[in-house]
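**Student:** The ATP binding site annotation in Swiss-Prot covers 68, 69, 70, 71, 72, 73, 74, 75.
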């Protein structure tokens, strides 16, 4: 404001004073008065994805969209975000519009299902009203809507099976997001919308894939993640998991178009150890010569699966490698106490 004319400055101050009198203190302010605000984030539980997102996780007070084909890992990633928020003492809610949430699987991923607020709404309007009420409470840290495609407008549910309802869902989403955006930002809640894929008919050139629910979510979302299964993980004759790639197609809080790759193991979720090995090799913290993986003088094992198993059995080594990677990317360091408690929880849930 140094170069602005004194009369203009005085006029701005007077206008700001009138606005504060009318709408309350804090309704208008100069951005520099508060200093540079630090963008708070909730970890995704996946080191490579936290790095790709640029701020160490999904930003608080923003709308996130996760979309991809069936069985690609959308719900798994969302549940990991819920688990990470709960570990830090946060509250979480899950709007299960698909009526397909598996509490046993959620528990295995580290979600505290006893404290998880769950709703299985009958209509899209009901789902979004519940979402608004929970966000407005200011007590929820992470809220997941699974999924946008399952938010069926009331008129469609009450109508006949063959009736045409063009644009109803898009109008519903557009209206809801207009109402929700400000509330989400004030409450500092992460709202994750899971979405499916559809194909446009008659597209000859370009990408025929699109997401249901109209265009509003594309605009209002601060982060959009495209998640795909790229390979199967085999052990012997059986398939034990999926290799997954996430592309950050939109990011308002950091540079976009970054990618992350990780393992999603069946009944376990995202493999933390596999992620540490992969990122460690990429950053030259873990050395790979032939099939052998080593960290300094410590031999982790021959083959990636053996290296993963070694880190699982030696959490202190895994923590040391992880914190070196986190330091390199200026991410908050992981704590030993938390990591061991997570190990115990995982072991207990697998035994049960």
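Each residue, glycine too, has its Cβ placed from N, Cα and C.
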**Student:** Which three-state DSSP class does residue 75 (ATP binding site) fall into?
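**Tutor:** Where residue 75 (ATP binding site) sits, the three-state DSSP reduction gives helix.
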**Student:** If you draw a 10 Å sphere on the Cβ of residue 69 (ATP binding site), how many other Cβ atoms land inside?
**Tutor:** 14
**Student:** Out of 71, 72, which of the binding-site residues has the smallest number of neighbouring Cβ atoms within 10 Å?
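**Tutor:** Least crowded of the binding-site residues 71, 72, by Cβ count within 10 Å, is 71.
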**Student:** Specify all same-chain residues, apart from the site residues 68, 69, 70, 71, 72, 73, 74, 75, whose Cβ lies within 8 angstroms of the center of the Cβ atoms of the ATP site, ordered by sequence.
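**Tutor:** Near the ATP site, beyond 68, 69, 70, 71, 72, 73, 74, 75, sit 227, 229.
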**Student:** With every protein chain in view, what's the tally of Cβ atoms within 10 Å of the Cβ of residue 70 (ATP binding site), excluding that atom itself?
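**Tutor:** Cβ-Cβ neighbours of residue 70 (ATP binding site) within 10 Å number 8.
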**Student:** With DSSP assignments reduced to helix, strand and coil, which class does residue 69 (ATP binding site) get?
**Tutor:** coil
